């Protein structure tokens with residue numbers, strides 16, 4: 001193994017997390033971070049780790065990605081995902097994909113098996129078939145909660161903007177023992193969005209960016225605002241200018257808020273293995289593992305710390 005201490009950071013989306021969902025969101029990001037860290041501890045790459053962490057959250061109905069994704073105006077799930085390898089700046093993404101459980105897996109296949117970086121809708125569907133990715137009925141991804149929300153948003157006096165506040169994109173960033181960084185981000189997008197809407201998640205530099213020369217970041221929040229400021233790349237730019245991950249994240253989030261009125265959250269790992277989880281929304285579920293310690297929280301200023309062994313033991317009890 002190389003000399004770098006591996007680090008993983010995950011987020012389960014910035015916005016407003018309703019009281020009755022807090023517990024599930026906390027448990028979900030902790031599980032994802034522990035899984036990703038397990039990959040790193042076994043000598044797995046940063047790319048393997050972020051894919052595993054995001055897959056874990058796609059499979060968790062608490063998050064707006066994979067199963068549990070919000071519905072578009074027609075009542076269907078359309079998902080976006082991206083993955084990026086900081087070693088050579090390779091990236092793969094998919095947008096507006098339907099009827100697959102794990103868009104992040106498909107994004108990785110785009111990165112590794114094609115000369116392209118982004119496949120969309122029908123083309124992504126054909127590629128998934130060619131790669132032998134099982135198709136699942138769209139209904140399998142739809143939770144009672146997503147359908148309820150969709151219906152509410154269809155009411156004539158509804159304000160979908162109100163519901164956009166809990167924007168559960170999921171993401172992960174990591175650095176492995178070789179010093180390579182990676183990011184992964186996955187989402188169901190905005191509730192009641194227009195058919196074919198693609199947000200920041202599938203866009204390189206907005207939904208995520210990874211470069212061994214500076215670090216890796218994954219974003220969450222109001223997609224259109226994130227795209228306007230190319231948030232993920234902006235944070236790394238600030239780090240290249242000498243800012244720490246936390247200051248770089250705050251500076252970029254602050255710029256997005258003042259310049260375009262957008263709120264969001266980010267997770268960052270630097271090439272030196274320093275990390276940050278910052279947000280301008282009310283909440284963002286996040287977790288990180290470094291030096292065999294797990295840190296996690298949801299509210300601003302909230303940070304719980306446990307040893308990984310302790311966390312894994314309570315994971316097993318919880319199963």
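Cβ atoms are placed via backbone N, Cα and C, with glycine included.
Sequence-distant neighbours of residue 169 (active site, nucleophile) (same chain, 6+ residues apart, CB-CB distance under 8 A): 11, 13, 14, 64, 65, 185, 186, 187, 201, 207, 219, 220, 221. Here TrEMBL flags 169 as active site, nucleophile.
Counting every protein chain shown, the number of other Cβ atoms lying within 10 Å of the Cβ of residue 199 (substrate binding site) is 24. Taken from TrEMBL, the feature substrate binding site applies to 197, 198, 199, 200, 220, 221, 222, 223.
Take 197, 198, 199, 200, 220, 221, 222, 223, the residues named in the record as contacts for substrate: the widest Cα to Cα gap among them comes to 16 Å. Its Cβ taken as reference, residue 197 (substrate binding site) is surrounded by 17 other Cβ atoms within 10 Å in the chains shown.
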